[in-house]
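Below is one structure, written out as structure tokens, with a few remarks after it.
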Amino acid sequence: PAAPQEAGGRFYPLSVANIPNSARSRTSARSSTVPTPEGLQSRRCKLLEEDNPVQAGKRQRQRYVTKVGKCQVNLGNIQDKRRFLSDIFTTIVDLKYRWFLFVFMMCYIVTWVVFGTIYFLDAWVRGDVGHQGDPEWRACIENVDSFVSALLLSVESQRTIGYGTRMVTANCTEGVILLMAQSIIGSMIDAMMVGCMFVKISRPKKRAQTLIFSKNCVISRRDEKLCLMFRVGDLRESHMVDAKIRAKLIKSRQTAEGEFIPLEQSELNLGYDTGEDRLFLVEPQIICHVINRHSPFWDMSAESLRREQFEIIIILEGIVEATGNSCLATGMTCQARTSYTEDEILWGYRFEPCMSLEKGAFHVDYSRFEMTFEVQTPAASAKELHELRELEQQEHSTLSLYWDHLLQSC
């Protein structure tokens, strides 16, 4: 069932305003006879809520992906939490830094305290605590007379400090076994936590902040074809290796059978068949999506663009160029994302050039990265332009045949 037109919540890109009236009437008639569960109804209404009109009818929407690439999707009601423990390494790496540092410190502190307690209990049970300074007493653990000294022995043993004043002797078997166990467990903790720390620091998320996208998309003609274009750039001198770019269209729709599909994803062709989606991202490049009969924007005109509700997700990924001169050096994959809504698409505009030749080298002026200028572009859809072009070709061919026939008669 369709949500009410005026509601107090946020507006999501899940509106059924673009659904044909016949499909909407079938859905409303069916909803009056078939009861909808309250939970499903509440979730549907939450997805379809709208804001009050602001700025002369301009409605504010909740993005699926923010401009900086953060996905606005919250996962809830996860029943089986054991799946996270099965991949404990990724779980620790994905923690925020404050929790990651807390886990990092607690792993060492807990093991030191546990083994220090065991050392102290062993020394206390064997009587080493009460025979301090007795030269005839064969101690199992020397110079352990309190819990603090046992804790110091635990820290010195696990961190291989070995000051020499406290130590495990060969007079007891359990002390040797305990020392071996602590050494093995300490090595495992070192390997895991140092590996997590290295991956946490070297994750290429920060590299994506130097990959920039234009604030707006533009629609204009290129090579007599209507195209949707945006610009990408890399601010670093170390370039991305094997950079690839993809685009997804997020739009809700209702099928002919009345099924409502929220946030349906469809692919936008950015040159996958010709290899143009693979970029050599040395200078800012304008990425072009040709609006043809396979494009979801085939029927969209400048007027219908104002009524559309969709979101375009741009995904740029590549390998961070490795440092050093080794041919075998490999980098890590980096991914940058952004999104464009229908109100961020400029019809009849083109990007201004931002490159020039200065002193024998190409100069990129990033102050002109966002600049656009207006060009003459028909407001009709690509489908209408294609039909008009075919009609002109037919008229031209008919006129040519008429003149050929007239010349033959003469």
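Placed from the backbone N, Cα and C atoms, the Cβ positions cover glycine too.
As annotated by TrEMBL, compositional bias 'Low complexity' applies to 22-33.
The domain 'Potassium channel inwardly rectifying transmembrane' annotation in TrEMBL covers 65-204.
What TrEMBL records for 211-387 is domain 'Inward rectifier potassium channel C-terminal'.
Annotated region 'Disordered' per TrEMBL: 21-40, in sequence order.
The transmembrane segment feature in TrEMBL is assigned to 99-121 (among others).
When Cβ-Cβ distances below 8 Å are used as the criterion, the transmembrane segment (176-199) is approached by residues 89, 92-93, 100, 104, 107-108, 111, 115, 118-119, 122, 154, 157-159, 168, 170 of the same chain, each at least six residues removed from its ends. The feature transmembrane segment is assigned by TrEMBL to 176-199 (among others).
Confidence over the domain 'Inward rectifier potassium channel C-terminal' (211-387), given as mean pLDDT on the 0 to 100 scale, stands at 88. Counting residues 6+ beyond its ends, the transmembrane segment (99-121) has Cβ neighbours under 8 Å at 92-93, 129, 141, 144, 146-147, 150-155, 157-158, 178, 182, 185-186, 189, 193, 196-197, 200 in the same chain.
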